[in-house]
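Student: Dumping the structure here so I can ask a few things about it.
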Amino acid sequence: MKVAVFPGSFDPLTLGHLDLIKRGSALFDQLAVAVMTNESKNPLFTFEERVAQIKEAVSGLDNVSVITTEGLTVDLMNRIGADYLMRGLRNTTDFQYERDIAAMNNFLDDQCETVFFLAKPEYQHLSSSLLKEVTSAGGDISAYLPANINEALKKRLMEREMLRVKKDNEKAR
């Protein structure tokens, strides 16, 4: 049985991520989408929110599970019996970064095999950070997000804006 892990912060999950999940689902017998912490990012959604959003987005893919974890990806792979680490590549910058991560993972566990998927051209420019930035500036990025996540993102950014306005009003008093 071919088991793979697709780790990421997925804050939020984009259609680019979802495309990779669908393609991985077709290639592997089991695919675990691992929602992880990225220490260099300040998450917009909690672990629980991201897990619920992703579960809804992948609900039709019977061989895909959604999990949360902290720590080393290779340790997660050993815990769940995964043979492959799945990663997406949008461009050469991604490749250089992911190549180094793959080498370190292989150093930590020589059984860790990283499989790279090239992003489809229509998703190569996407990043969760870019989509959050465009949305917070009022742009419509609904073409790049699953519907449930698009609505959650709009709601969260509206909540943040209302909180900011409230704080500004309190300071003005």
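Backbone N, Cα and C define each Cβ position, glycine as well.
Whatever TrEMBL says is automated annotation, not expert-curated.
Checked TrEMBL, it gives:
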| type | residues | note |
| --- | --- | --- |
| DOMAIN | 5-133 | domain 'Cytidyltransferase-like' |
| BINDING | S9, F10, H17, G88, L89, R90, E98, Y123, Q124, H125, L126, S127, S128, S129 | ATP binding site |
| BINDING | S9, K41, T73, R87 | substrate binding site |
| SITE | H17 | site 'Transition state stabilizer' |
Student: Whole number in angstrom, please: the longest C-alpha to C-alpha distance across S9, K41, T73, R87 for substrate.
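Tutor: That value is 19 Å for the farthest Cα pair.
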Student: Which number gives the other C-beta atoms within 10 angstroms of the C-beta of T73 (substrate binding site), all protein chains shown included?
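Tutor: So the Cβ neighbour count for T73 (substrate binding site) comes to 22.
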Student: With helix taken as DSSP H, G or I, strand as E or B and everything else coil, how many residues of the domain 'Cytidyltransferase-like' (5-133) land in each class?
Tutor: 58 helix, 27 strand, 44 coil
Student: Residues with Cβ closer than 8 Å to the Cβ of L89 (ATP binding site), same chain and 6+ apart in sequence?
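Tutor: Long-range Cβ contacts: F95, E98, F116, F117, L118, A119.
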Student: In the structure shown, which of the binding-site residues S9, Q124, S128 has the fewest other Cβ atoms within 10 Å?
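Tutor: Output over binding-site residues S9, Q124, S128: least Cβ neighbours within 10 Å is Q124.
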Student: Measuring Cα to Cα, tell me the gap between L126 (ATP binding site) and R87 (substrate binding site) in whole angstrom.
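Tutor: So the Cα of R87 (substrate binding site) lies 15 Å away from that of L126 (ATP binding site).
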Student: Quick one: which of these binding-site residues, S9, H17, Q124, S128, have their CA within 10 A of K41 (substrate binding site)?
Tutor: S9
Student: Would you find the one among the binding-site residues R87, E98 whose Cβ has the most company, meaning other Cβ atoms within 10 Å?
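Tutor: Selected residue: R87.
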Student: Taking each of the binding-site residues H17, K41 in turn and counting other Cβ atoms within 10 Å of its Cβ, which one has the fewest?
Tutor: K41
Student: Can you tell me which of the binding-site residues S9, H17, Q124, S128 is spatially closest to R87 (substrate binding site)? Compare CA atoms only.
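Tutor: That would be H17, nearest by Cα distance.
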